[in-house]
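Reading through the structure tokens given below for one structure.
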């Protein structure tokens, strides 16, 4: 490594942003192909390239931070600001879905029967699976906070147990959501109700899967002693993201499931 007189991390040229962007293009194109032509080839190719990109990009970041010592306090501060800005951009992303929902539901057009839910739509009972999902995510918020405090206090085994519980709850939430979609009495093509419901809850479900993946990486890193009580931004970022996913679900539950039904 060449000598440098500053604390910043000059990242080496990396192919992963490009392969990540191309895999995202393949996935979105593949999703369209699946919807319209019932072909999953492009979607599977996109998912495979996305998984490979994620694995290698995470591997490089772990090498730079844990083994090469590039993540100085100054670099960590920059990463913190970056994560905060990313979460703010995600808030604005979901604001669009809530806007679409309230725009349609607060002043239903005559085509919808002048009422909400629209005529012919039988909404899901908010006191059944959605309420269970809410309690599952709230419990996972408690367990990840337990994991964070255990890590800061140096209780390695407690941290692993709490993180495992959080991951298990995240997987359970995803399975419950999938079963709810499978049994729902309406589809994404059932007018504005179906499209706003499935797009908003579907993107939230995607974020839960991303957050769970993030936590699984942290779990394996903790098994390999990568985190210390004072140097663990990878886990901290995952925890922030998970709390964001929690809060979005509370808004979805109150707006779409409870008030919207």
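Any Cβ shown, glycine's included, is placed from N, Cα and C.
As annotated by Swiss-Prot, topological domain 'Mitochondrial matrix' applies to 1-15, 67-72, 224-232. Feature annotation from Swiss-Prot assigns topological domain 'Mitochondrial intermembrane' to 35-40, 106-128, 184-190, 257-261. Per Swiss-Prot, the feature transmembrane segment maps to 16-34, 41-66, 73-105, 129-152, 156-183, 191-223, 233-256; the stated evidence is similarity to another entry.
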_For the transmembrane segment (191-223): best-contacting stretch of 16-34, 41-66, 73-105, 129-152, 233-256, by Cβ pairs under 8 Å_ = 233-256
*Residue counts (helix, strand, coil, in that order) that DSSP gives for the topological domain 'Mitochondrial matrix' (67-72)*: 1 helix, 0 strand, 5 coil
*Quick one: DSSP breakdown of the topological domain 'Mitochondrial intermembrane' (184-190) into helix, strand and coil?*
0 helix, 0 strand, 7 coil
